[in-house]
Amino acid sequence: MDRNGRDDIKVENGYDLEDDHDHKKKDKKEEQEEELSVERIFENQEVPSWRNQLTLRAFVVSFVLSILFSVIVMKLNLTTGIIPSLNVSAGLLGFFFIKTWTKFLEKSGLLKQPFTRQENTVIQTCVVASSGIAFSGGFGSYLFGMSETVAKQSTEDSDAFKNPSLSWMIGFLFVVSFLGLFSVVPLRKVMIIDFKLTYPSGTATAYLINSFHTPAGAKLAKKQVKALGKFFSFSFLWGFFQWFYTAGDGCGFVEFPSLGLKAYENKFFFDFSATYVGVGMICPYIINISVLLGGILSWGLMWPLIDTKKGDWYSADLKSSSLHGLQGYKVFIAIAMILGDGLYNFFKVLSRTLTVLFFQLQRKDATGALPIAGRSSPETSRISYNDQRRTQLFLKDQIPTWFAVAGYVAIAAISTATLPHIFPELKWYYILVIYIFAPALAFCNAYGCGLTDWSLASTYGKLAIFVIGAWAGASHGGVLAGLAACGVMMNIVSTASDLSQDFKTGYLTLSSPRSMFVSQLIGTAMGCIISPCVFWLFFKAFKDLGTPGSQYPAPYATVYRNMAILGVDGFSSLPKNCLYLCYGFFGAAILINLIKDALGKKWARFIPNPMAMAIPFYIGSYFAIDMCVGSLILFIWEKIDKAKADAFGPAVASGLICGDGIWTLPSAILALVGVKPPICMKFLSRRTNAKVDAFLGS
């Protein structure tokens with residue numbers, strides 16, 4: 001899910017250009033074995049036309065799964081911001097639902113159209129596009145960062161806020177979420193066929209879908225769905241059981257001081273979250289270890305030490321939530337690490353992208369003409385049967401370049417006219433400047449994602465915060481203008497890389513580019529309605545949403561707002577000595593990345609990820625314990641039976657995440673109708689317990 005590298009971290013497979021070098025070393029025999037053609041297996045199956053790939057049943061299933069995954073992504077957004085890839089779950093559940101549907105119709109003699117891998121790809125594309133809006137819509141970051149709840153947590157610009165409302169959120173998403181789709185359509189042929197970009201997540205998803213539709217793969221998929229269903233049920237029932245013990249603040253299993261009361265005070269405890277155990281099973285080991293290291297460094301060492309400076313570095317009379325006190329160090333040092341890591345990777349991916357692009361353009365087209373859609377590709381000496389078949393069908397259904405350009409210009413014009421009415425601080429000329437540069441940035445992000453599987457959508461968004469916020473200035477609503485500009489930029493570059501990944505998946509499953517584009521459009525439209533509605537449910541059901549220490553603290557909303565304040569007001573908003581600490585951690589994030597790249601693959605996997613380390617700085621390490629438990633379960637499972645762990649690990653993890661995530665819906669509905677849990681389970685120290693007993697006995 002997603003498309004990795006965003007700093008509301010979305011974790012997926014990494015890819016390195018060194019892999020290309022390794023490929024070239026393969027001898028011909030290995031290449032021939034590798035090419036034992038996937039398409040030969042499917043050559044007797046007729047490929048449906050692009051219209052027949054877009055079925056009503058596919059979009060019904062997509063709609064149901066979109067609600068499921070939007071709830072899960074929203075919950076993760078509002079708790080920690082760590083979002084694992086849910087592509088496996090989307091593909092698996094899409095296959096399961098349609099297969100069940102078609103089997104029933106086949107038995108009753110009503111089946112008119114068999115279930116194909118192209119239809120499976122359409123479902124996958126639609127669901128990922130829809131649930132992707134729950135991330136790029138900024139409900140846990142820039143959009144909620146505009147709210148009064150988050151604004152009151154800082155003294156600067158606390159009167160500059162815009163509270164969430166269903167009407168303007170849906171309107172905003174509809175005018176900004178489609179531009180990225182039109183911006184990369186003319187260059188789809190360059191990236192998929194001419195440059196043969198890898199798009200590791202899109203490729204992995206395609207192989208998964210292709211495997212489902214072979215006899216052996218269908219048998220395994222059935223077992224995987226069974227495992228997913230079993231752990232989904234367990235996770236849902238576990239969430240339901242825990243609810244009974246949460247009648248008040250600080251009650252329930254989520255407040256269990258499993259490592260002792262002192263550790264609990266410093267946010268070190270196992271909170272029995274099935275979601276984050278599942279996330280830990282999907283995320284790479286180094287991400288989980290990085291989060292834990294960040295928690296130990298911050299809550300175990302730094303914050304207790306800075307707390308001893310109370311009265312010297314900051315006033316002892318400040319509230320715990322004041323950004324001029326300890327809270328300020330937590331937020332701004334986290335921001336420094338996030339920016340250091342984000343900017344390093346931005347320039348790394350951008351330089352790699354431009355270098356490879358330069359050499360590929362020289363090699364591919366000596367005439368200097370860019371091979372966009374509609375122009376023929378250069379001849380290649382030997383093309384495998386797979387590539388021949390895939391290229392033929394990928395080029396069969398063209399999307400006219402004029403249509404993409406006209407669509408971009410029309411939506412940009414509507415958006416430029418509409419957005420200043422939603423955000424008066426965001427002037428039309430700010431939006432125009434963003435839209436002039438956006439196609440180039442969207443292409444860079446999509447191209448870089450194809451090379452590295454690393455989407456830098458949130459980094460581009462942060463650049464927009466600083467540039468537009470500083471341009472507008474504090475007196476002209478720079479904070480809100482910067483946050484709104486972040487949303488515009490993030491949505492464009494995020495959807496561009498998502499569509500490029502989907503084109504790659506479509507290419508490898510013989511799905512038409514037209515069906516991919518239409519599916520992405522419909523999925524995006526679904527997301528523009530579903531995601532705000534899901535967020536609205538959270539917003540109305542949980543009154544302390546966005547409050548530090550609550551069930552849903554929305555940490556990135558505070559981080560993004562304070563970035564906007566930093567961009568507008570400069571360093572004057574920082575507490576004493578905080579700037580020097582920020583410089584140190586900004587530099588440390590860059591240094592860690594440099595060391596990681598210098599060491600090479602063998603040792604780089606042992607170097608922590610600065611972005612992941614920064615997350616617990618603000619919210620604590622409790623979720624890191626859960627994630628490490630998930631890692632430990634997977635590690636032991638791999639030692640006992642690696643083949644089974646590889647086959648069923650993602651399904652088990654997805655079941656844990658989905659079950660607990662879906663319990664959030666009935667939990668929110670119960671809160672809305674005023675049904676409260678009957679029991680409060682609380683943990684007290686012996687001394688406090690004696691005082692309570694004495695009070696009750698008097």
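Just so it is clear, glycine is given a Cβ too, placed from its N, Cα and C backbone atoms.
Range annotated as transmembrane segment by TrEMBL, chosen from 82-101, 662-681: 82-101.
Here the transmembrane segment (399-422) sits apart from the transmembrane segment (82-101); fewer than 3 CB pairs are under 8 Å, leaving out pairs fewer than 6 apart in sequence.
Contact between the transmembrane segment (326-347) and the transmembrane segment (82-101) is absent: fewer than three CB pairs lie under 8 Å, with pairs separated by 6 or more positions in sequence. Residues 1-2, 4, 6, 8-13, 57-58, 61-62, 64-65, 68-69, 72-73, 76, 115, 119-120, 123-124, 127-128, 131, 135, 201, 204-205, 208-209, 212, 218, 221, 224-225, 228, 278-279, 282-283, 287, 291, 612, 615, 623, 627, 650-651, 653-654, 657-658 of the same chain lie 6 or more positions beyond the ends of the transmembrane segment (82-101) yet place their CB under 8 Å from a CB of it. Under the criterion of 3 or more C-beta pairs below 8 Å, with sequence separation of 6 or more, the transmembrane segment (54-76) and the transmembrane segment (428-451) do not qualify as touching, having fewer than 3 such pairs. Panel annotation: around the transmembrane segment (285-306), residues 9, 11, 82, 266-268, 313, 326, 329-330, 333, 605-610, 612-617, 620-621, 623-625, 627-628, 630-631, 635 of the same chain, lying at least six beyond its termini, place a Cβ under 8 Å from a Cβ of the stretch. With Cβ pairs under 8 Å as the measure, the transmembrane segment (463-496) is packed most heavily against 428-451, out of 122-145, 428-451, 615-637.
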